[in-house]
Amino acid sequence: MLKLLIVDDAMFMRTMIKNIVKDSDFEVVAEAENGLEAVKKYDEVKPDIVTLDITMPEMDGLEALAQIMAKDPSAKVIMCSAMGQQGMVVDAIKKGAKDFIVKPFQADRVLEALEKAAK
(Lines of atoms letter the chains of each structure in order from A and count residues from 1; the text may use other names and numbers.)
(Lines give C-alpha, C1' and ligand atoms only; values in the text may rest on other atoms or scores of the structure.)
Protein backbone atom coordinates (compact mmCIF):
# COMPACT_ATOMS: atom_id res chain seq x y z
CA MET A 1 0.00 0.00 0.00
CA LEU A 2 1.22 3.47 -0.88
CA LYS A 3 0.71 6.15 1.75
CA LEU A 4 -1.40 9.14 0.74
CA LEU A 5 -1.70 12.59 2.35
CA ILE A 6 -4.84 14.47 1.27
CA VAL A 7 -4.79 18.25 1.59
CA ASP A 8 -7.92 20.33 0.96
CA ASP A 9 -9.78 22.90 3.02
CA ALA A 10 -13.10 21.33 1.99
CA MET A 11 -13.91 18.19 4.00
CA PHE A 12 -16.19 16.88 1.24
CA MET A 13 -13.28 16.94 -1.24
CA ARG A 14 -11.06 15.01 1.18
CA THR A 15 -13.89 12.52 1.69
CA MET A 16 -14.36 12.20 -2.07
CA ILE A 17 -10.70 11.30 -2.58
CA LYS A 18 -10.82 8.83 0.34
CA ASN A 19 -13.84 7.14 -1.26
CA ILE A 20 -12.11 6.99 -4.65
CA VAL A 21 -8.99 5.30 -3.25
CA LYS A 22 -10.63 3.00 -0.66
CA ASP A 23 -10.41 -0.10 -2.90
CA SER A 24 -7.05 0.75 -4.47
CA ASP A 25 -3.37 0.36 -3.63
CA PHE A 26 -3.40 3.70 -1.80
CA GLU A 27 -3.96 4.17 1.93
CA VAL A 28 -4.88 7.57 3.33
CA VAL A 29 -2.50 8.05 6.26
CA ALA A 30 -3.22 11.71 6.99
CA GLU A 31 -5.31 14.72 6.02
CA ALA A 32 -4.72 18.45 6.25
CA GLU A 33 -6.96 21.51 5.82
CA ASN A 34 -4.35 24.06 4.74
CA GLY A 35 -0.80 24.44 3.50
CA LEU A 36 0.73 24.89 6.95
CA GLU A 37 -0.81 21.62 8.13
CA ALA A 38 0.26 19.95 4.88
CA VAL A 39 3.93 20.75 5.40
CA LYS A 40 3.77 19.60 9.04
CA LYS A 41 1.92 16.36 8.19
CA TYR A 42 4.32 15.66 5.32
CA ASP A 43 7.21 15.75 7.79
CA GLU A 44 5.31 13.58 10.30
CA VAL A 45 3.96 10.78 8.09
CA LYS A 46 6.34 10.81 5.09
CA PRO A 47 3.63 9.92 2.56
CA ASP A 48 4.42 8.38 -0.82
CA ILE A 49 2.06 10.81 -2.58
CA VAL A 50 0.30 14.07 -1.67
CA THR A 51 -2.88 15.45 -3.25
CA LEU A 52 -2.73 19.19 -2.66
CA ASP A 53 -5.44 21.79 -3.24
CA ILE A 54 -4.26 25.21 -4.40
CA THR A 55 -6.72 27.66 -2.86
CA MET A 56 -6.65 27.26 0.92
CA PRO A 57 -6.46 29.52 3.99
CA GLU A 58 -3.25 30.26 5.90
CA MET A 59 -0.91 28.97 3.18
CA ASP A 60 -1.94 28.14 -0.37
CA GLY A 61 -1.05 24.93 -2.13
CA LEU A 62 1.63 26.45 -4.35
CA GLU A 63 3.56 27.73 -1.33
CA ALA A 64 3.10 24.38 0.45
CA LEU A 65 4.35 22.63 -2.70
CA ALA A 66 7.45 24.83 -2.75
CA GLN A 67 8.17 24.11 0.93
CA ILE A 68 7.65 20.36 0.54
CA MET A 69 9.86 20.23 -2.57
CA ALA A 70 12.58 22.26 -0.80
CA LYS A 71 12.68 19.65 1.97
CA ASP A 72 12.23 16.62 -0.29
CA PRO A 73 12.96 17.17 -4.02
CA SER A 74 11.73 13.63 -4.74
CA ALA A 75 8.26 14.31 -3.26
CA LYS A 76 5.35 13.18 -5.41
CA VAL A 77 2.66 15.87 -5.31
CA ILE A 78 -0.53 16.08 -7.35
CA MET A 79 -2.16 19.50 -7.40
CA CYS A 80 -5.96 19.74 -7.29
CA SER A 81 -7.94 22.87 -8.05
CA ALA A 82 -11.16 24.17 -9.50
CA MET A 83 -9.01 26.75 -11.22
CA GLY A 84 -7.55 25.04 -14.26
CA GLN A 85 -5.89 28.10 -15.72
CA GLN A 86 -2.94 27.19 -17.91
CA GLY A 87 -0.56 29.52 -16.07
CA MET A 88 -1.36 27.93 -12.72
CA VAL A 89 -0.84 24.44 -14.12
CA VAL A 90 2.52 25.44 -15.61
CA ASP A 91 3.57 27.11 -12.34
CA ALA A 92 2.70 24.00 -10.31
CA ILE A 93 4.60 21.71 -12.68
CA LYS A 94 7.63 24.04 -12.65
CA LYS A 95 7.60 23.92 -8.84
CA GLY A 96 7.74 20.13 -8.93
CA ALA A 97 4.15 18.85 -9.07
CA LYS A 98 3.83 15.52 -10.86
CA ASP A 99 0.31 16.18 -12.14
CA PHE A 100 -2.62 18.58 -11.95
CA ILE A 101 -6.27 17.56 -11.53
CA VAL A 102 -9.07 20.03 -12.22
CA LYS A 103 -12.13 19.84 -9.92
CA PRO A 104 -14.71 18.51 -10.08
CA PHE A 105 -12.71 15.44 -10.91
CA GLN A 106 -13.66 11.97 -11.98
CA ALA A 107 -12.57 8.87 -10.06
CA ASP A 108 -10.69 7.46 -13.06
CA ARG A 109 -8.68 10.68 -13.45
CA VAL A 110 -7.71 10.72 -9.75
CA LEU A 111 -6.56 7.09 -9.86
CA GLU A 112 -4.70 7.70 -13.12
CA ALA A 113 -2.81 10.63 -11.59
CA LEU A 114 -1.98 8.64 -8.44
CA GLU A 115 -0.77 5.63 -10.41
CA LYS A 116 1.33 7.85 -12.69
CA ALA A 117 2.93 9.58 -9.69
CA ALA A 118 3.60 6.23 -8.00
CA LYS A 119 5.88 5.10 -10.84
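Glycine is treated like the rest: Cβ placed from N, Cα and C.
Under the heading domain 'Response regulatory', Swiss-Prot lists 3-118. The Mg(2+) binding site annotation in Swiss-Prot covers ASP8, ASP9, ASP53, THR55. Per Swiss-Prot, the feature 4-aspartylphosphate maps to ASP53.
Other residues of the chain with a Cβ within 8 Å of the Cβ centroid of ASP8, ASP9, ASP53, THR55, the Mg(2+) site, are VAL7, ALA10, MET13, GLU33, ASN34, ILE54, MET56, GLY61, CYS80, SER81.
Look at the domain 'Response regulatory' (3-118): DSSP puts its residues at 54 helix, 26 strand, 36 coil.
Counting other Cβ atoms within 10 Å of each Cβ, the lowest count among the binding-site residues ASP8, ASP9, ASP53 belongs to ASP9.
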